[in-house]
Amino acid sequence: MEPLDQRRTDSDQEEGFGVQSRRATDLGMVPNLRRSNSSLCKSRRLLCSFSSEKQENLSSWIPENIKKKECVYFVESSKLSDAGKVVCECGYTHEQHIEVAIKPHTFQGKEWDPKKHVHEMPTDAFGDIVFTGLSQKVGKYVRLSQDTSSIVIYQLMTQHWGLDVPSLLISVTGGAKNFNMKLRLKSIFRRGLVKVAQTTGAWIITGGSHTGVMKQVGEAVRDFSLSSSCKEGDVITIGIATWGTIHNREALIHPMGGFPAEYMLDEEGQGNLTCLDSNHSHFILVDDGTHGQYGVEIPLRTKLEKFISEQTKERGGVAIKIPIVCVVLEGGPGTLHTIYNAITNGTPCVIVEGSGRVADVIAQVAALPVSEITISLIQQKLSVFFQEMFETFTENQIVEWTKKIQDIVRRRQLLTVFREGKDGQQDVDVAILQALLKASRSQDHFGHENWDHQLKLAVAWNRVDIARSEIFTDEWQWKPSDLHPMMTAALISNKPEFVRLFLENGVRLKEFVTWDTLLCLYENLEPSCLFHSKLQKVLAEEHERLAYASETPRLQMHHVAQVLRELLGDSTQLLYPRPRYTDRPRLSLPMPHIKLNVQGVSLRSLYKRSTGHVTFTIDPVRDLLIWAIIQNHRELAGIIWAQSQDCTAAALACSKILKELSKEEEDTDSSEEMLALADEFEHRAIGVFTECYRKDEERAQKLLVRVSEAWGKTTCLQLALEAKDMKFVSHGGIQAFLTKVWWGQLCVDNGLWRIILCMLAFPLLFTGFISFREKRLQALCRLARVRAFFNAPVVIFYLNILSYFAFLCLFAYVLMVDFQPSPSWCEYLIYLWLFSLVCEETRQLFYDPDGCGLMKMASLYFSDFWNKLDVGAILLFIAGLTCRLIPATLYPGRIILSLDFIMFCLRLMHIFTISKTLGPKIIIVKRMMKDVFFFLFLLAVWVVSFGVAKQAILIHNESRVDWIFRGVIYHSYLTIFGQIPTYIDGVNFSMDQCSPNGTDPYKPKCPESDWTGQAPAFPEWLTVTLLCLYLLFANILLLNLLIAMFNYTFQEVQEHTDQIWKFQRHDLIEEYHGRPPAPPPLILLSHLQLLIKRIVLKIPAKRHKQLKNKLEKNEEAALLSWELYLKENYLQNQQYQHKQRPEQKIQDISEKVDTMVDLLDMDRVKRSGSTEQRLASLEEQVTQMGRSLHWIVTTLKDSGFGSGAGALTLAQRAFDEPDAELSIRKKGEEGGDGYHVSARHLLYPDARIMRFPVPNEKVPWEAEFLIYDPPFYTAEKKDATLTDPVGDTAEPLSKINYNVVDGLMDRCSFHGTYVVQYGFPLNPMGRTGLRGRGSLSWFGPNHTLQPVVTRWKRNQGGGICRKSVRKMLEVLVVKLPQSEHWALPGGSREPGKMLPRKLKQVLQQEYWVTFETLLRQGTEVYKGYVDDPRNTDNAWIETVAVSIHFQDQNDVELKRLEENLQTHDPKESARGLEMSTEWQVVDRRIPLYVNHKKILQKVASLFGAHF
């Protein structure tokens, strides 16, 4: 067998990643290397060149911290270089050595030793690397010593190279020579590898050279870079190569750093060296001072990967250790050694089947039982996949391969075979993530911790598909509270599919949402979020208000409520009231740092702190929905809205918030997305309301006006109006409700003519001429019917119309007929009438049923255009009245009042918006008015330009301003409508109609004329030309443009006119719904009554229940439950409609076809497997028949029937030579491997001793194994009196008596008499691959005692806990600080002693005798051989396991035991030997040594307990 160092050199032309051996030096965690803000790292990505300052820092830091290796002693080697030159033992030529090495005075005459003659010096190769002629891509590189600390390398990569801490480490290993892969498999591998790296933020580590698997990885990254955008980020590919094997490495040497270093990829001239791959982003070039020696980087790569995997990465709000996975393509012996080391150290491996050689050999046998993986089978596979080099394999190598492959396959939980198109694996990324989850599941953790770790991985990588299939299974039942931290992480990182998954698996939002949770969510808003900046503004304003406060105000929920009120409108109340001092939230953050760094807070600790914290929220679903909406998270908001109860109001509120945010959003794309999402939520509100209205009109209309406590005591209708959701308001059900309100208690079937007749002759009300909606009104007294009629808004409206028309007629009469110096009675009546209008407008201004305050009501009042018009008309009337009452200004007063009459007439437009015919037309007119204003700007340009030019050409020095205005503006404007000026040319030129000097104020100044004054002096051709051009553009072009604008506006508005009219109709209905029934001026009586109620009686204002109704709790709960039920119907209908879409049907059909193909493939595989099983069964039957025939023949021969010569030779052969493969298979099926496993691990624990490989079939001593030559190892013990002598011969051991009790030492085996060969006892379980006694104390059996101390696990009430009906046990275990596993408190015993030494260390001495009594009274659960990694061919461990169970928690002996457990010992702690004891739950995942687990399982079985 080859030594370990030799096998490492065999990987010269292979890429392998080294996995650290189990005894490698432990490395501590890096302090403060994890940066909290990844955005700082992203600004320093690999494609960005260093600034001069950074280059200087790097040029000073690297030489101080990173070294290279140089040979300092030239010793001529017997070998020549490839060029035939003399080289040193290090491989470099004479010229490549430093001057000190050529003249070494210190080492003269000594043999070359790399440990002595290779020294470290500051590195001279680092910086940026650019590959000449290939691309402008800039990478990073560094040359460093093989002894460089992993901490330093990690610091270089993360702090100086600017790499983000990875979420995953992918180590790709395999063939270093170029090999062929099927195109489809190559494409799948490249796509999957880059996909998993890009989606998880992984680092890919390879050998970095431009050959083999490294080249495949580089090309995969190249293809991704060419096809992706800059936003998708970069794939970090790190090549770790040997400096001495790199071709053209001289180009990389720059003592002050290469910025950049130009490297040429020269494959033709590389010879036995290799070139760096141009598609890698970073290179770590490991230097040991030699040239041409491959594999130098493996130890450093091993340590670096191990170190990185021990770091903690926090992503998506969860903290996990950086997982590592090994991906294998092709490969040879070195790759096999790499896989073996990886599996041994617990690193999961993904084998790509179809890539060739080692990968295919392992993939072919991975599904077989270990007992079926024989030497002959491996030999057969090698002959198939290693055809060219199969003849070079020695028998020892084949045996070693068999043993390693058996050990690899034995740990199936770490082995994943990727097969193209099989096992549901569509891509390599799925296989990689499944491998990590499978490995995580196999770790020795208690159930919750293990599954929690798997879920962290899935959330961090955003792989909900794997979480569904691998984590949320029947194997583990999740508690909703366990999912809360992951739920928060999924929300913060915007992973809606995970939120949906958690909700499906029992997370209740009422329990999830607490004060702490909400604060955590709002503190983690993205800085780019508009709501984030609004919060900052609120906090800054509060800080300015509290000028005396030295500390910056901290974020609290009432700050959020302030911003939300701005968005929802002041008609809503604050959603989160300002807390009292004692209610101040525990999580808070200063204003400049609202963005909470998730890496700084443990979500698990957050939920531990908030356990039992009473939620303050009315509706937790609302809180999460608002949080999702303000960030414009579409899918997340949709999922949360589906959980809401008050869903119609929620959808309308979301629409309002989004529309308000879109107005302030500067990013156009984000603004459009917000508007689209607002429309989507409006459609959802319409959909739910439609379902409700179809089911029950009355209850649906109750939903519209129900006061929603959750949304600031507003109503659905009010939210829709605030959000201007015209589609919702124009819904038939809402319009029916508004019509119902409009008609009051009257039936809507009453014709308008009936209403008018009753208004003119109200006694008709007593005849049944008018029908009422409620039958009871039909039978009520006349006064009640009159009150119901005149309180109807429709009646109030028409009474006000009649009153208003009367007012306008009277006003016109006074202005035109009866406007006397002293006001007449008619004019006084107008004054009274106007006073009543003023009183009504004042009532509307101060009407505040919701308690919003005067300022807010004034703001709302003046936001309406018609109110502004009313106030303007009233103020103008007061101005005109003031002038009219002053005799000197009587006429100006009449003019003002005349203009005011126009404004009062315009008010009619608002009145007629209720009309279905006139209302839409009024809307169109309003929109066209906007077009006119834009048109006037264009028209003014032509009018002013032509008017000024014309006036300047025709008239000289006109000084009268009024005539300048007429000439420039007025005449030019009239010209558009056909009034062409006569003096523009000389045909109609006349001086009679003008004033020559401009002295006549009623005549224009004459144009320029000749000296006679009879002919024009201006150029007629010019003025005519200007006139024609002006008419062409102004009269034809601009007027037609205006017509086109009107036409476009008409068509655009006409499509939505009905919606707009229905939306605006509400305002008029609401106005007259709350208006006093009497029309002006009789309305003064109503105002007097109102004044008495408000001022004298102090009765507050109340809103009519028809528009805002606060329901009783029971009624509201029933109504919301009904709405929730119908919302589910709506969602189901939406889902059904989605499935019925053609594109969705095509996708479903495609998926079904793919599933069918997979099923057919699986069926074919099953049929093939079934055929093999049937053949095997047939073989077994034939063998049994042969044995039976042989028995018959033997019996007949013994009975004297024939000689038996030559009879049934087939049966005899079947009996004598049974099928070996069938026998092995049967044995494997019956008892697994059937042999010890841990005792055959190649690397012996606590020593760098490699065992001789022993495959399963060669374990029994009876099996012939001619090449078996195990090494001899016996460790020296400090106390030689307690161990057998050391020696590899039998002479020192001649005095030992085996198979008997030798003095105080019991050398008898529980398995009977064992064989002693050449003075050494032989392990009764077979070969182990190592002779001697190893680290054990005695040759032969080493007897141990394992006391299993158990008690029942009890809850707080004292009851026994159960799991899956079975009771749960707790066991007493111990642990050394250096150990990763716990152990039973037993072990080896000193000769003649009963208690193990380990047990004595944890028990106080006065309790030893009592515990011995407990042991004698205990139950023996196991006695026999222990499969321990310390076992050898000549020494092994046998144990007796005794169960000591305490049935009662109040057992006196149990209490005494707990009292006598050893306490903290400072001396032992200083030596690192202090043991810790703990009661742990008995479970199959308990982190216990494997052989102790088997014992514990027997104890659990003894008591019928859970395991």
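Note that the numbers count up from 1, one per residue, in the order the chain is shown.
Glycine residues also receive a Cβ, built from the backbone N, Cα and C atoms like all the rest.
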Starting from the ADP-D-ribose 2 binding annotation in Swiss-Prot that includes Asp1428, Arg1430, Tyr1489, Asn1491, which of Ser1364, Ser1379, Ser1443, Ser1476 is the extra site residue?
Ser1379
Is Val817 annotated in Swiss-Prot on the same side of the membrane as Pro892?
yes
Determine, on the basis of Swiss-Prot, the cysteine among Cys1006, Cys1028 paired with Cys994 in a disulphide.
Cys1006
Find the shortest Cα-Cα separation between Asp1428 (ADP-D-ribose 2 binding site) and the recorded positions Thr173, Glu841, Asn867, Cys994, and name the residue that gives it.
Thr173
Would you mind pulling the DSSP three-state label for Arg1430 (ADP-D-ribose 2 binding site)?
coil
Helix, strand or coil at Cys1006 (disulfide bond), per DSSP?
coil
Which one is closest to Cys994 (disulfide bond) in space, judged by CA to CA distance, out of the binding-site residues Arg301, Gly332, Ser1379, Asn1491?
Arg301
Largest tally of Cβ atoms lying within 10 Å of a Cβ, found at which of the binding-site residues Glu841, Glu1071, Asp1428:
Asp1428
Could you tell me the C-alpha distance between Gln844 (Ca(2+) binding site) and Gly332 (ADP-D-ribose 1 binding site) in angstrom, no decimals?
90
For Glu841 (Ca(2+) binding site) and Cys1006 (disulfide bond), determine the Cα separation and express it in whole Å.
55
Please report the Cα separation of Arg1430 (ADP-D-ribose 2 binding site) and Asn867 (Ca(2+) binding site) in Å, rounded to an integer.
96
CB within-chain contacts under 8 A for Tyr1489 (ADP-D-ribose 2 binding site), separation at least 6:
His1381, Ala1383
Just checking a number: largest C-alpha distance across Ser1379, Asp1428, Arg1430, Tyr1489, Asn1491 for the ADP-D-ribose 2 site, rounded to a whole Å.
16
Look up Thr173 (ADP-D-ribose 1 binding site) in the DSSP assignment and report helix, strand or coil.
strand
Measure from the Cβ of Cys1006 (disulfide bond) and count the other Cβ atoms within 10 Å, all protein chains considered.
22
Could you give the residue numbers and ranges of same-chain residues that sit at least 6 residues beyond the topological domain 'Cytoplasmic' (1043-1077) on either side and whose C-beta is under 8 angstroms from one of its C-beta atoms?
717, 721, 724, 726-727, 729-730, 735, 738, 741-742, 790-791, 793-797, 799-800, 840, 843-844, 847, 864, 910-911, 913-914, 916, 919-920, 923-924, 927-928, 931, 934-935, 1083, 1086-1087, 1090, 1103-1104, 1106-1107
I'd like to confirm something. Which of the recorded positions, Cys1006, Glu1071, Ser1379, has a Cα closest to the Cα of Gly332 (ADP-D-ribose 1 binding site)?
Ser1379
